[in-house]
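So the structure is just underneath, and the comments pick up after that.
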Amino acid sequence: MGEGLQSRASGPRVAAIVPAAGRGERLGGGTPKALRALGGRPMLVRSIEALRRSESVTQIVVAAPPTLVEVVAQLLGRDVRVIAGGAERVDSVRRALRAIDEDVSVVLVHDAARPLTPPALVDAVAAAVLAGHPAVIPVLGLTDTVKEVGPDGRVIRTPPRDRLRAVQTPQGFRRDVLTAAYALQDIPATDDAGLVEALGVPVTTIPGAQEAFKVTQPPDLVLAEALLARCAPGDPRAAADPRGGTDPRGGTDPRGGADVRAGSDVRSLG
Ligand SMILES: Nc1ccn([C@@H]2O[C@H](COP(=O)(O)OP(=O)(O)OP(=O)(O)O)[C@@H](O)[C@H]2O)c(=O)n1
Ligand SMILES: C[C@](O)(CO)[C@H](O)COP(=O)(O)O
C-alpha cells in the first residue's frame with residue numbers, strides 16, 4: 001500500500017482527476033454508475049483506492065454528480081477534493097482541472113468506471129510523464145476486427161488491426177499541456193488524449209492492463225464481480241465482508257455495502 005496522500009510532500013506533485021459524474025445509462029440500474037456497488041463497495045471507492053495505493057499520486061480531485069457532492073465527499077474522506085461535475089465528461093474534467101493545487105506538475109485523468117485498475121498502472125503512467133513524455137496513455141491490442149461503417153450500414157473500410165489499440169485510463173499529462181488542451185473549444189474527442197492530439201503534442205502509449213477495463217454495460221459488472229471473487233483474502237481488492245466491508249487499511253469499513261443513493265446517510269451504509 002502506498003503512503004498517505006498528504007505525506008507524499010517531497011518530489012513532483014501528481015494530481016489525479018476522477019470524472020465520476022456520469023449517469024451510467026448503458027449500465028442501467030438507476031443509481032449513478034460511480035456509486036453502484038461492486039463486491040460490496042461503491043465502484044468509485046475502488047477506483048480511488050487504486051490511486052491511493054499508487055506510489056505517485058499526491059492529490060485526488062473527484063467530479064461528482066452535482067446533487068451528490070456532499071454524499072461523495074463524506075464517502076471518500078477529507079483527503080479527496082470533491083467538486084460538481086458537468087453535463088459531459090469533458091465538462092467534468094475541465095472543472096476538476098481548475099480545482100487542482102497550484103504546485104501540481106503532472107495530471108492523471110482516471111475514469112471512476114475502471115474500478116479494478118492496478119496501482120502499478122497508475123505509477124507507470126505517472127513515471128512516463130515524469131520521465132519527459134508530455135502525454136501518456138495505456139493501451140491494449142484488439143482481439144476483434146474493427147470496420148468503419150457508413151450511416152447506411154455498409155462497410156467503408158477495414159483498418160489494419162495490428163495498428164489499432166483500445167485506450168484505457170489513467171491518462172497522464174504535463175499539467176501545462178492538459179490545461180492548453182482543455183482551453184480548446186468544440187473539439188470532438190472521446191478521451192483526454194484526443195484533445196492533446198488536437199494541439200499537435202505527441203501522445204506516447206504504454207502497455208495497459210486487462211483489469212483496467214471500463215464498466216460500461218451489464219456484462220462488465222458481472223465480469224468485475226467474478227474477478228473480485230477470485231481475489232485472495234487479504235488482497236485489498238477482495239470483495240467486501242457482507243457484515244460491513246473490507247477496509248484496505250485492515251479494519252472494518254462502514255462505507256462498504258450497497259449502492260449509495262441520493263440522500264442516503266453514508267455513515268449508515270454497510
Ligand atoms: N457528465 C459526465 C459523464 C461521464 N463522466 C465520467 O466519465 C467516466 C467515463 O464515462 P462513461 O463510462 O461513459 O460513464 P457514463 O457517462 O456514466 O456512462 P453512460 O454514457 O452509459 O451514461 C465515468 O467515470 C463517468 O462517471 C463524468 O464525470 N461526467
Ligand atoms: C476515456 C475513455 O475511457 C478511454 O477509453 C473513454 O473514451 C470514455 O468513453 P465514454 O463513452 O465516456 O465511456
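Even glycines carry a Cβ here, placed using N, Cα and C.
Computed from a predicted structure; not experimentally measured.
Over in TrEMBL, the protein carries these features:
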SITE      ARG26  site 'Transition state stabilizer'
SITE      LYS33  site 'Transition state stabilizer'
SITE      ARG161  site 'Positions MEP for the nucleophilic attack'
SITE      LYS214  site 'Positions MEP for the nucleophilic attack'
REGION    234-270  region 'Disordered'
COMPBIAS  238-264  compositional bias 'Basic and acidic residues'
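Ranking the recorded sites ARG26, LYS33, ARG161, LYS214 by the number of CB atoms within 10 A of their own CB puts LYS33 at the top.
Proximity of the recorded sites (ARG26, LYS33, ARG161, LYS214) to ligand 2: a Cβ under 6 Å from the molecule is found for LYS214. Within the set of recorded sites ARG26, LYS33, ARG161, ARG26, LYS33 have a CB atom less than 6 Å from some atom of ligand 1. For the recorded site, ARG161 (site 'Positions MEP for the nucleophilic attack'), the DSSP three-state label reads helix. Here ARG26 (site 'Transition state stabilizer') is compared against the recorded sites LYS33, ARG161, LYS214, and the shortest C-alpha distance is to LYS33. Here LYS214 (site 'Positions MEP for the nucleophilic attack') is positioned 11 angstrom away from LYS33 (site 'Transition state stabilizer'), judged by their C-alpha atoms. Here LYS214 (site 'Positions MEP for the nucleophilic attack') is positioned 21 angstrom away from ARG161 (site 'Positions MEP for the nucleophilic attack'), judged by their C-alpha atoms.
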